[in-house]
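Here's the structure, in structure tokens; my notes come after.
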Amino acid sequence: MSKSLQLIKEHDVKWIDLRFTDTKGKQQHVTMPARDVDDDFFEYGKMFDGSSIAGWKGIEASDMILMPDDSTAVLDPFTEEPTLIIVCDIIEPSTMQGYDRDPRAIARRAEEYLKSTGIGDTAFFGPEPEFFIFDEVKYKSDISGSMFKIFSEQAAWNTDADFEGGNKGHRPGVKGGYFPVPPVDHDHEIRTAMCNALEEMGLKVEVHHHEVATAGQNEIGVSFNTLVAKADEVQTLKYCVHNVADAYGKTVTFMPKPLYGDNGSGMHVHMSIAKDGKNTFAGEGYAGLSDTALYFIGGIIKHGKALNGFTNPSTNSYKRLVPGFEAPVMLAYSARNRSASIRIPYVNSPKARRIEARFPDPSANPYLAFAALLMAGLDGIQNKIHPGDAADKNLYDLPPEEAKEIPQVCGSLKEALEELDKGRAFLTKGGVFSDDFIDAYLELKSEEEIKVRTFVHPLEYDLYYSV
């Protein structure tokens, strides 16, 4: 009996929630009665209209198949009726193969490509998505004007505000949230509830804490996993965090830079490659790294700007990637140096040796970001791209003449998309990313970039209204 059918029977499940992720990284779903699930369901899947998903099919060829991945079946802890969540792959009906533009299919192809190279058989990923918990957010963007307003009782700007029950103080200042105990940490209980929900859904929580920024910046660390499974788990984490916050009457955002003047939210990504059960990144070189790991780093540095198109895919991403807010803008590597975009964390055992890319952020589609990072690293290994000397000094304090010698991440989404367009060759190896998908992705993200660039900004009224 399949895992899904067993859970349906054991928990008297009434509904099946089929999940998939669109190009922009947002999880989508459709729900069907559990009584319709049988063995044929896992062979033939469920038809749906793909024309309504941005960046996918036109209306003239819209039929697509949601093919359930039985291994992902898990009970939904947030529904009143017993509901089973199953993550799906998108299948092209004419070929019964994975749809070329399905992010999960791309991630699967990246895993298969790794095996085909002989470099390794398993890629491990450990992302750390940060997020803000707010009490309320209001925003508007239309022809009459635009605005946003954040309401957060624990925000540094509310030291003199009036609240029902009084203002008790005890709030983290700007860049002061890492990491005092309660009552300064207002979010301990809600984070614990989020962790309980994550554990219910099969994720292994390792740590949770308040992050650096005021107004409720937080992080929940969960254990690493293989590429596709970890991308699935990122989507599960976002689902849990959003829904627990909603149950508490709060609201969460994973956008990279919701606050001006304080730290943004990153998604540092830890990575390693194993072959025959051995960590290929462990060696006798710098910081205990092997040549394989150094070449992997070289590939990420070489393709860093093109990677930004997937790892930092929003206009808001580049408001985080600026000096002065603990966001790494220099494409350099170092042991334990958090100002470098690639860090080699200290570990107790060679089995845990890994690298950490610090420039990605949680607006990224995890399937695309992880696949792209792997492809960049593999290109570095295949071409023996050495990253040069490590940068063991504080890169934030470099004099201008030294800083200009170190490559930097992109400064805007427009630049990132241009770099992705011209530097795509490493991504299309082995048919992992197709030119068709990259073209469609560039078109989709360019629409966002143009809209933001041409929209009238409230700050422009401050600067120019009285000219």
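Glycine is treated like the rest: Cβ placed from N, Cα and C.
Around GLU356 (Mg(2+) 1 binding site), taking its Cβ as the centre, 20 other Cβ atoms fall within 10 Å, counting all chains. Under the DSSP three-state reduction, GLU356 (Mg(2+) 1 binding site) is assigned to strand. Annotation comment: Swiss-Prot describes GLU128, HIS268, GLU356 as Mg(2+) 1 binding site, evidence class similarity to another entry.
Listed in sequence order, GLU130, GLY177, TYR178, PHE179, GLN217, ASN218, GLU219, ASN263, SER265 are the same-chain residues six or more apart from GLU211 (Mg(2+) 2 binding site) with CB atoms under 8 A from its CB. According to Swiss-Prot, the feature Mg(2+) 2 binding site maps to GLU130, GLU211, GLU219.
Secondary structure at ARG338 (ATP binding site), taken from DSSP and collapsed to helix, strand or coil, is coil. Summarising the environment of ARG338 (ATP binding site), the number of other Cβ atoms within 10 Å of its Cβ, over all protein chains shown, is 16. For GLU206, HIS270, MET271, SER272, ARG338, ARG343, LYS351, the entry in Swiss-Prot reads ATP binding site.
In the three-state DSSP scheme, ARG320 (L-glutamate binding site) is classed as helix. The feature L-glutamate binding site is assigned by Swiss-Prot to ASN263, GLY264, ARG320, GLU326, ARG338, ARG358, with similarity to another entry given as support.
Taken from Swiss-Prot, the feature domain 'GS beta-grasp' covers 11-95, and the record attributes it to sequence analysis. Per-residue confidence over the domain 'GS beta-grasp' (11-95) averages out at a pLDDT of 92.
Taken from Swiss-Prot, the feature domain 'GS catalytic' applies to 103-467, supported by sequence analysis.
If you look up Swiss-Prot, you'll see TYR396 marked as O-AMP-tyrosine, on the strength of similarity to another entry. Look at TYR396 (O-AMP-tyrosine): DSSP puts it in a helix.
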Among GLU128, GLU206, GLU219, the one of these binding-site residues whose Cβ has the fewest neighbouring Cβ atoms within 10 Å: GLU206
Cβ neighbours of LYS351 (ATP binding site) where a neighbour is any other Cβ within 10 Å: 14
Cβ packing number for MET271 (ATP binding site), 10 Å threshold: 25
Residues flanking the Mg(2+) 1 site, with Cβ no more than 8 Å from the Cβ centroid of GLU128, HIS268, GLU356 and excluding those residues themselves: GLY126, PRO127, GLY266, MET267, VAL269, HIS270, ARG343, ALA357, ARG358
For TYR396 (O-AMP-tyrosine), the one of GLU206, GLY264, SER272, ARG338, GLU356 that lies nearest, given that the binding-site residues are compared by Cα: ARG338
Nearest recorded site to GLU356 (Mg(2+) 1 binding site) by CA-CA distance, among binding-site residues GLU206, HIS270, MET271, ARG320: HIS270
Cβ packing number for GLU130 (Mg(2+) 2 binding site), 10 Å threshold: 21
Shell of the Mg(2+) 2 site beyond GLU130, GLU211, GLU219, same chain only (C-beta within 8 angstroms of their C-beta centre): GLU128, PRO129, PHE131, HIS209, HIS210, VAL212, GLN217, ASN218, SER265, GLY266
